[in-house]
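What TrEMBL says about this one:
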- Lys100: active site, proton donor (ACT_SITE)
- Lys64, Lys88, Ser342: substrate binding site (BINDING)
- Thr183, Asn214: NAD(+) binding site (BINDING)
- Asp140: site 'Important for catalysis' (SITE)
Amino acid sequence: MNALAATNRNFRLASKLLGIDSKLAKSLLIPFREVECTIPKDDGSLATYVGFRIQHDNSRGPMKGGIRYHPQVENDEVNALAQLMTWKAAVANIPYGGAKGGIGCDPSELSVSELERLTRVFTQKIHDLIGIQIDVPAPDMGTGPQTMAWILDEYSKFHGHSPAIVTGKPIDLGGSLGRDAATGRGVLFATEALLNQHGKTISGQRFVIQGFGNVGSWAAKLISEKGGKVVAVSDITGAIMNSEGLNIPSLLKHSKEHRGVRGFQGGDPIDSNSILLQDCDVLIPAALGGVINRENANEIKAKFVVEAANHPTDPEADEILKKKGVVILPDILANSGGVTVSYFEWVQNIQGFMWDEEKVNKELKTYMTKGFKDVKEMCKTHDCDLRMGAFTLAVNRVARATLLRGWEA
């Protein structure tokens, strides 16, 4: 089951639990704009790329979501991610709906100047579709602060200086302190809330983290600082394990210098495909979607799974893990730290008043902890697991906003 099918399935189950009218439910399910972006390459030739922006829902506020540059940007996947952004924002109780977009390209094969030209042409094609109170893009796979800076500059040519048009910007252009660590820090706060519910703390727990990019590396750093023992990590270069706990500061240094975890002397190399099956208390998939499936779910030894990636667990695996007693903290709660601090950045830009990093982190902990408590309340109300608790919370908030604004069949 692909990401879109799984997202739609969870939405339908949540709508059924809430007793939402079928016509209203259908209305919550997505317009998109597809554009052609033709640019001159550095060698003088012309190249055309297809870009698009999918907008899911704006009942609770402007739409929000990343822009990704990837050769296999695929409509169904981005459609699912736009929906997930709606539910993620609703769970976090921030005033956004969901959107997502991208361009089908391989950024590694484009020069910096080609990427800039492509970004500016794409912005020209969608500048009337996005807006500070309409749709606020952010970085995603293959994009970053520099991409957001180009979008800000190009959009401002049409609409005047508009720092709040994108989030994830460089600090010098109005980006928020704490944004780089936000998703990983949110994973820490959500994991703390989950473990506290079960009478445990981060300290002394054994963690396995799949993915050592921005989210996984920050989660590992912050967890180790709290006394957690990270026993195994993996990235695209390989996987390493140390049953006594990896030295995360040394690993971070090695990963930066060697562009990956492979070759780190403080642990033993293991098969990357076995990373999810290692013995641990908490498993944190922080890389790709669909990595936990019916083929490997029975072999997972973790007591808790914290979904730092989007859609890492297939529905079939969900059922298997539930029967095993494994507690899953779903992605729309666990990795909502990024969109939450993006919201803080947007607020700071609108106010023209920037926060210090301590305030950013304090507010993030408040939102993540409250989000977990709200999800648990829905679990009690509907006698369901955390995933369905999160989806019912989100769908209920969006449906209520839709009805209050005067929705008609």
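Cβ coordinates come from backbone N, Cα and C, glycine included.
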Which residues does Ser342 (substrate binding site) neighbour through Cβ under 8 Å, counting only same-chain ones at least six apart?
Lys64, Val136, Ala138, Thr167, Gly168, Ser176, Arg179, Ala182
Additional residues around substrate, ordered along the sequence, whose Cβ is within 8 Å of the centroid of Lys64, Lys88, Ser342:
Gly65, Met85, Ala89, Ala92, Ile94, Tyr96, Gly98, Ala138, Ser336, Gly338, Val339, Thr340, Tyr343
Could you measure between Asn214 (NAD(+) binding site) and Asp140 (site 'Important for catalysis') for me? Cα positions, answer in whole angstrom.
11
For the substrate binding site, please report the maximum Cα-Cα distance among Lys64, Lys88, Ser342 in Å.
13
Neighbours of Asp140 (site 'Important for catalysis') among the recorded positions Lys88, Lys100, Thr183 (Cα to Cα, within 10 Å):
Lys100
Pick out which of the binding-site residues Thr183, Asn214 has the most other Cβ atoms within 10 Å of its own Cβ.
Thr183
Can you tell me how far the Cα of Lys100 (active site, proton donor) sits from the Cα of Thr183 (NAD(+) binding site), in Å?
17
Between the Cα atoms of Lys88 (substrate binding site) and Thr183 (NAD(+) binding site), what distance do you get, rounded to the nearest Å?
12
Cβ neighbours of Lys88 (substrate binding site) where a neighbour is any other Cβ within 10 Å:
29
Measure from the Cβ of Lys64 (substrate binding site) and count the other Cβ atoms within 10 Å, all protein chains considered.
28
